[in-house]
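One structure coming up, written as structure tokens, with questions to follow.
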Amino acid sequence: MARVLLLSLVFLAILLPALAACPQNCHCHGDLQHVICDKVGLQKIPKVSETTKLLNLQRNNFPVLAANSFRTVPNLVSLHLQHCNIREVAAGAFRGLKQLIYLYLSHNDIRVLRAGAFDDLTELTYLYLDHNKVSELPRGLLSPLVNLFILQLNNNKIRELRAGAFQGAKDLRWLYLSENALTSLHPGSLDDVENLAKFHLDRNQLSSYPSAALSKLRVVEELKLSHNPLKSIPDNAFQSFGRYLETLWLDNTNLEKFSDAAFAGVTTLKHVHLENNRLNQLPSTFPFDNLETLTLTNNPWKCTCQLRGLRRWLEAKTSRPDATCSSPAKFKGQRIRDTDALRSCKSPTKRSKKAGRH
């Protein structure tokens, strides 16, 4: 009996290390807590120790992530699946990963994200889905991600955002949707992420400013709309988050005009990019008070007294944007900061309250 017990113990001593061994051709560190299988020709998810916290499977070949693909590694905190030729992520693919914080799915061929794909990822904070072929976000897809902070969806093929697209992701703060095929943001599409602080929408196909969708946002500090075919910015465009907005990109949009009250409620703006557009004026309400940088080049500026606010701001700055007048003709080519066109302009007088309407 004692001999049988001894043999059993010896067998277990041999078997257990084998079960928890580092996968072939991989590198493991920290008592198998970090497993690195970068570009080793894998075609299925390897078996690793259940104590593994970081699993790097970059540059392998997993066309479909089936349900329960990672059920044996419940303690994962960081999962790297970049460049793995993934086409589809099935419902329940990450089931059981209740401690996962970082998920990298960048640079794949993902076209389909099934509803339920992110089930159980209640601690996920950083999700990278950039450089794929995702064309839509099914309603409820992100519902389990109650702690999501950063979502990178840039360089995909998303055409529109519908109501409920971000349902459940109430803590999302940074959202990147650059270089998609967006033509519209439907009203209600951003209602669930009103706490966004950084929102990048550059290099899409937005032909009009999405006022209704953006009006639900409350604390946007950085908004990027560069390289969209926008022609005008309407009244109250930034009002819902005007007390927080610090950086605004509107360069390379073919922008022709701002409505007079486009910047209503904007009080903290510090950096504005307006280069390579078709602007000839700025609205009289443009918020210069806290402005630190302003790029203006390659616009057909009309150097009349409507630019007096810009002139005053330029005179107070040591580093000045190098923009030039296009008209009137006698001032064409002169730098806005040097031209005589604005020297005689007087500040507008405030209308007496008695003269106002009653």
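Each residue's number is its place along the chain shown, starting with 1.
Cβ coordinates are placed from backbone N, Cα and C, and glycine is handled just like the others.
Given the structure is predicted, the values throughout are model-derived calculations rather than measurements.
Below are the features listed in Swiss-Prot for this protein:
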| type | residues | note |
| --- | --- | --- |
| SIGNAL | 1-20 | signal peptide |
| DOMAIN | 21-50 | domain 'LRRNT' |
| DISULFID | C22-C37 | disulfide bond |
| REPEAT | 51-72 | repeat 'LRR 1' |
| REPEAT | 75-96 | repeat 'LRR 2' |
| REPEAT | 99-120 | repeat 'LRR 3' |
| REPEAT | 123-144 | repeat 'LRR 4' |
| CARBOHYD | S143 | O-linked glycosylation site |
| REPEAT | 147-168 | repeat 'LRR 5' |
| REPEAT | 171-192 | repeat 'LRR 6' |
| REPEAT | 195-216 | repeat 'LRR 7' |
| REPEAT | 219-240 | repeat 'LRR 8' |
| REPEAT | 244-265 | repeat 'LRR 9' |
| REPEAT | 268-289 | repeat 'LRR 10' |
| DOMAIN | 299-347 | domain 'LRRCT' |
| DISULFID | C303-C345 | disulfide bond |
| DISULFID | C305-C325 | disulfide bond |
| REGION | 321-358 | region 'Disordered' |
| COMPBIAS | 348-358 | compositional bias 'Basic residues' |
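Surface or core, plus neighbours and distances: that's what I need for these features.
Below 8 angstroms of C-beta separation, residues 56-62, 69-70, 72-75 of the same chain, each at least six residues beyond the ends of the domain 'LRRNT' (21-50), sit close to that stretch.
Neighbour density for C37 (disulfide bond): within 10 A of its CB lie 24 other CB atoms from the protein chains shown.
Taken through DSSP, the repeat 'LRR 1' (51-72) splits into 0 helix, 5 strand, 17 coil.
Note on the repeat 'LRR 2' (75-96): DSSP counts are 0 helix, 5 strand, 17 coil.
Confidence in the repeat 'LRR 3' (99-120), given as mean pLDDT, stands at 96.
With helix defined as DSSP H, G or I and strand as E or B, the repeat 'LRR 4' (123-144) counts 0 helix, 3 strand, 19 coil.
Counting every protein chain shown, the Cβ of S143 (O-linked glycosylation site) has 17 other Cβ atoms within 10 Å.
Tertiary proximity for the repeat 'LRR 6' (171-192) is limited to same-chain residues at least six positions away from its ends with a CB under 8 Å from its CB atoms, namely 130, 146-165, 198-207, 210, 212-214, 216-217, 224.
A Cβ distance under 8 Å defines the sequence-distant neighbours of the repeat 'LRR 9' (244-265), meaning residues of its chain 6+ beyond its ends; these are 197, 202, 218-238, 271-279, 281-287, 295.
Counting residues 6+ beyond its ends, the repeat 'LRR 10' (268-289) has Cβ neighbours under 8 Å at 226, 242-262, 295-302, 304, 306-307, 309-310, 312-313, 326-327, 348 in the same chain.
Taking DSSP states H, G and I as helix and E and B as strand, the domain 'LRRCT' (299-347) has 17 helix, 7 strand, 25 coil.
Cβ contacts within 10 Å of C345 (disulfide bond), excluding its own Cβ and spanning all protein chains shown: 16.
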Far apart in sequence but close in space: which same-chain residues, 6 or more away, have a Cβ under 8 Å from C303 (disulfide bond)?
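Within the chain, C303 (disulfide bond) has Cβ neighbours under 8 Å at C325, S327, P328, F331, Q334, I336, T339, A341, L342.
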What residues in the same chain, six or more past the boundaries of the repeat 'LRR 8' (219-240), come closer than 8 Å to it by Cβ-Cβ distance?
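Distant Cβ neighbours of the repeat 'LRR 8' (219-240) are 178, 194-209, 211, 246-266, 273.
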C22 (disulfide bond) to S143 (O-linked glycosylation site): how many Å between their Cα atoms?
35
Take the repeat 'LRR 7' (195-216) and find every residue of the same chain, 6 or more past its ends, with a Cβ under 8 Å from one of its Cβ atoms.
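Apart from its flanks, the repeat 'LRR 7' (195-216) reaches 154, 161, 170-189, 222-234, 236-240, 244, 249.
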